[in-house]
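Step one of this worksheet: look at the structure below.
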Amino acid sequence: MNTLFMHCRPGFEGEVCAEISEHAARLGVSGYAKSKPQSASAEFVCSEEGGAERLMGELRFNQLIFPRQWARGGFVELPETDRISVLLSQLADFPVFGSLWLEVLDSNEGKELSTFCRKFEVPLRKALEKAGRLVDDASRPRLLLSFISGRRVFVGVAPANNSALWPMGIPRLKFPREAPSRSTLKLEEAWHQFIPREQWEQRLGDDMTGVDLGASPGGWTYQLVRRGMLVTAIDNGPMAESLMDTGLVQHLMADGFTWQPKQPVDWMVCDIVEKPARTTSLIETWLGEGLCREAVVNLKLPMKQRYAEVRRLLDRMEATFKARKIRVSIACKQLYHDREEVTCHLRRLDLKPR
């Protein structure tokens, strides 16, 4: 139970190790991080009993940037037959669980295991329920079984309210056929990640205004229009006719880094390919000068020192807003639909309600 196991995007194992090591050092939890390149996972092995539990207790999962999912526990080797009996014996010292997720890694090997997991879940679930190890109770911890192979599994536990929203941290979003580009799924995932579902009507309402900087062809604009917002799309490139036909979009041929609205808007979204430091300056201007209430902005990452650069820019934003004496909440996550980038959500907390 003294290893913290984390899923991530393939190629970002080093960023997960750097991030969790920094948090562990700050909290005084001794141990070491390890990973294999392109494995889509990383581990933090705690050297003291209770270290992994303390990390999960002190950290909020939604404040971590690069991990997609986490659980504390240990690896178990399974026989070719009667895997369920071995798992039941391993779970004797675990608490009673309120839910069960079987997970695989986001790799070719992981995809090959997904069929096995689907077939294995039904008999395993029945056996756990019969043994009194699994009950229908959302307040109880979640049992997370991350299969590395059919014979090797990480048996882990995580609080349901302090871990990923979806198995493996991968949302099941359907690409809308009428959307102009697949990038639309990035913004839809961001809504789920950063805004509690019960607040959507209030914060993503059809009486709101939005700006999409670098909008062409309209993947992110589509999400704003879908919520019924009036949108100003800023881009020198063309917009999809289907969006213009809605009557909700005004397309202005302008530079997303210099254009500003005459009146403050509710939302600013931006997915421009640019150096992250310049995009950070854009965020500081829009939130700092009250040009928008909330924003979702993607930061494109450098090739090296990616976690260090993201951390530096987030700290810079925080210092900038503090110096301006304004209250802004800042969240950042590498979403499943992100590539070499992270998504930031910012919200002014000191403006009067609409």
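Sequential numbering from 1, following the chain as shown.
Including glycine, each Cβ sits where the backbone N, Cα and C put it.
Copied over from Swiss-Prot:
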ACT_SITE  Lys300  active site, proton acceptor
BINDING   Ser183, Ser216, Pro217, Gly218, Gly219, Asp235, Asp255, Asp271  S-adenosyl-L-methionine binding site
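In this structure, the C-alpha atom of Ser183 (S-adenosyl-L-methionine binding site) lies 14 angstrom from that of Lys300 (active site, proton acceptor).
The two recorded residues Asp255 (S-adenosyl-L-methionine binding site) and the residue listed as 'active site, proton acceptor' have their Cα atoms spaced 18 Å from each other.
Counted within 10 Å of its Cβ, the other Cβ atoms near Ser216 (S-adenosyl-L-methionine binding site) come to 19, all protein chains included.
According to DSSP, Lys300 (active site, proton acceptor) is assigned to a strand segment.
Pro217 (S-adenosyl-L-methionine binding site) has a Cβ environment of 19 other Cβ atoms inside 10 Å. Candidate binding-site residues: Gly218, Gly219. Fewest other C-beta atoms within 10 angstroms, Gly219. Here the C-alpha separation of Pro217 (S-adenosyl-L-methionine binding site) and Lys300 (active site, proton acceptor) works out to 19 Å. Just so you know, the Cβ of Asp255 (S-adenosyl-L-methionine binding site) picks up 12 other Cβ atoms within 10 Å once every protein chain is counted. DSSP gives Gly219 (S-adenosyl-L-methionine binding site) a helix state.
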